[in-house]
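Taken from TrEMBL, the feature transmembrane segment applies to B:21-43, B:55-77, B:98-116, B:128-145, B:157-179, B:191-212, B:224-240, B:252-272, B:279-298, B:304-324, B:331-349, B:446-466 (among others). Under the heading region 'Disordered', TrEMBL lists B:556-579.
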Amino acid sequence: MTTTTSPVLSASGVTMRFGGLTAVRSVDLTVNSGEIVGLIGPNGAGKTTFFNCLTGLYVPTEGNVTYQGDILPPKPHLVTQAGVARTFQNIRLFANMTVLENVLVGRHTRTKEGLWSALLRGPGFKRAEAASKERAMELLEFTGLADKADHLSRNLPYGEQRKLEIARALASDPGLLLLDEPTAGMNPQETRATEELVFAIRDQGTAVLVIEHDMRFIFNLCDRVTVLVQGQKLIEGTPDVVQSDERVIAAYIGTPFEGAPGDDEVAEVEAAEAEAAEAQQDTGPSGTPKSTTARTEDGQ
Amino acid sequence: MSTDTSKTTGESTDTGGRATMLRAITAVGGLASVVSTFLAWTWTDEFPGDLTFNGYPGGLQILTLVLGLLTTVFALAAMDLRGLRWLTPAGSTQALRLMALGTFATTWFTVIAIAVDLGGLANWEPGAWVAAIGSAIPLAALLLPNDTRPLKRPAELPSWAEILIIAAVFAIGLYVVNYGIQTDPDHPEPFLGYLIAVGFAAAALFKAGIVARMSALTAKYRSVTLLAALVTAVAFPFTQDKASYTELGVNILIFATVALGLNIVVGLAGLLDLGYVAFLGVGAYTAALVSGSTSSTLDVHFPFWAAVIAGAVVSLIFGVVIGAPTLRLRGDYLAIVTLGFGEIFRLAMQNMDGVSGPSVTNGPNGIPNIPPLEIFGFNFDEDHTVLGRTLDSNANYFLLMLLVTVVVVLVFSRAGNSRIGRAWVAIREDETAATAMGINGFRVKLIAFALGATLAGVAGTVWAHVQTTVVPEQYVFAGPVPPNSTFLLAAVILGGMGTIGGPLLGATLLFLIPKKLEFFQDYQLLAFGIALILIMRFRPEGIIPNRRQQLEYHETDQLDAPDQPQLSGNAVGVTKAEA
Ligand SMILES: Nc1ncnc2c1ncn2[C@@H]1O[C@H](COP(=O)(O)OP(=O)(O)O)[C@@H](O)[C@H]1O
Ligand SMILES: [Mg+2]
């Protein structure tokens, strides 16, 4: 399905620790241009944390992320500037701005009118504003929200809020779009529509990395699927391969099996968490993640 | 009047008849109140405003007269009288009730004040009895059934008529403001009566839906509205005949402007600045130091434009120095640091007297004798006769300050409605999401903070010349006399965060009330606190709500769609980010 294989995003050895808890452990992941890649795994597997590491919301404890060959700086606005946009699992729209304004905020990185030009309102400013609005309306058209442009985003129904998040993310003309559970809370029709939307986004040349629990959605959509369990990559492959892997099924159903990556960690993580909590209590503010991390590493 | 023209569907003829009856009674009561104002209410002119004349109304009677008339007119409108229906687009009953209550409250306040001030009901002339009874009759409106309805689209008027309406509204507004400013400062009664009357009347007009209609009109004719506002403001000093009134005017204008500058920081970007008054002080001290005052330690005399630039630049530098380290952090650090900065500024000014510090500011004595401004040979301290009216020093400074106000209004609306303004609001709404959308939170917040500081600094340069002296004690966190940071913040919150009108109205009220009600001054801070608690409880979006916030706090008043369908032709271009 992929036309070219140049990697858009590649993460290598990304590890994220919170105190004693290793939420993401040495994950490698590549997204090629023109690809839709799925990221699945049970709740708490570290998928959202991994997204946060990619987008600079968290600074990964170890590992690095490159976008089109350049290392991404761990600052969210620079990541977006570079061309990686995202949506949030728990919708984070600007609730009291209109739908159109939300998308216009998404245009921020692709426009550069500063305070002076806003105050002086020269022809350049007006042109840029008009162009931004035009592009924003295009995106609302694309996501089917054009007729709600003047509504406050908080008043949109849930499914449309998710779509608006996608429109807002697309406004930065990203080369890679990260979607965190884009169909959570949607009914089957809305899910179908979102599927079409993701295909359309891919067809416009934006690679997509999507977290989702809806397996039908994932297996329909994705060229490759990566499974994350207990912060670790369990398997990666085409939907067919992943679908038939017994470990994946077990991870979702929760049956323990020989050599499950989570097995020994469960105990370890619990112990470490307790220890970290304790450490935090008696050392107070000095009990920074680093010191507790060091301790758990000793215990390994 | 007895012919039933109301064709309220769904009501049985019986209740319809009863409602018409009640409305007629209300109208009659309004008229009775009006008539009473032409009679003498008391026998002595010791009561402020001299209510002893038969034949024409005076003093507080004017308020009863106006409210009585409005009550009658609204009652007739409620009876669906042809030609008056436009008065109550959102339903007449609530408006009528408030008008009736207003008439009653204002009139009874006056007659009770007469009895209390002069010692007993014996001081009531027959007119007072007529007023007391007459103004109670409209309370019949309280029994009316509610008929609140969604705002309908108004009939299109020719545009010249709509523009005339805007002009008329501003003229009326100027009259109302002048009435308040010109009330007798030695007696609290006239101003209290004024507050009661204006409060009820404003609430009634709001409930009638006429305020919403007006704001739709002003949004339609933005430039006409701006021009009308400007003309009204310029007309203000021409309509004053006492120096004390123009002094009130210029002070109100300065504090309103500073509050509007603060609204960029607080209302748009959502940054809590508790030391904003210090930036006003920075501007004022800078202007004083370069003013050529004999007490200034700098032996320079900048022309005013250079002083303004100096004040702006120094404030900007302080803004950046305070903001840069603090705004990198999330959370309430900014509030604490600005609070500290405000106090440090005052203490530093107090101690840079050559004894406990370098000799810069003369310490607690401040810098007096700031010479009057002179721009192009126009001396701001002298009286000038323009268009047959004499403008005194305060009036001159009022007009100068108005320039600053216009600049701040333009900055607020232009910056607010642009890429940077949207970024501010986005940061205020959800900082994480905003940074994930590519907004450099630190940079954008620093721009808002420094811009606010600069605008306050500019206002400070004018303020120094109006006061002719700057002393450290003016720049406290909280105090009985404005400006202080609490006053400014309260003006923003009371008036309405994120709007232009809000801080202007808030500052006007907060400045005027203690000036007019002397007994109130000792309790001013207490009253501030109570007023803020009440506002937070009952109208957290402030008196003048911003469209967004109104929705935020009153989820049930569904206004989610714009009140009128956007003109389909240019649907894209017309989202007005009011904040
Ligand atoms: N900021 C944080 N601090 C501490 N623990 C966190 C933080 N964010 C996530 N975690 C933990 O990391 C683990 C993975 O969470 P998450 O990435 O949200 O899982 P998923 O998205 O796969 O459901 C969870 O155990 C969660 O509690
Ligand atoms: Mg998640």
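A Cβ is built for glycine as well, from the same backbone N, Cα and C atoms used for every other residue.
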- Query: Is the number of Cβ-Cβ pairs under 8 Å between the transmembrane segment (B:128-145) and the transmembrane segment (B:98-116) three or more, considering only pairs separated by 6 or more positions?
  - Reply: yes
- Message: Is it the case that the transmembrane segment (B:98-116) and the transmembrane segment (B:191-212) touch, counting contact as three or more CB pairs under 8 Å in which the residues of each pair are 6 or more positions apart?
- Response: yes
- Please indicate, using numbers and ranges, the residues of the same chain that are 6 or more beyond the transmembrane segment (B:191-212) and have a C-beta under 8 Å from a C-beta there. 60, 63, 66-67, 70, 74, 87-92, 94-99, 101-103, 105-106, 109-110, 113, 148, 151, 176, 179-180, 183-185, 512-513, 516-517, 563
- Result, the transmembrane segment (B:224-240) in contact with the transmembrane segment (B:157-179) (3+ CB pairs under 8 Å): yes
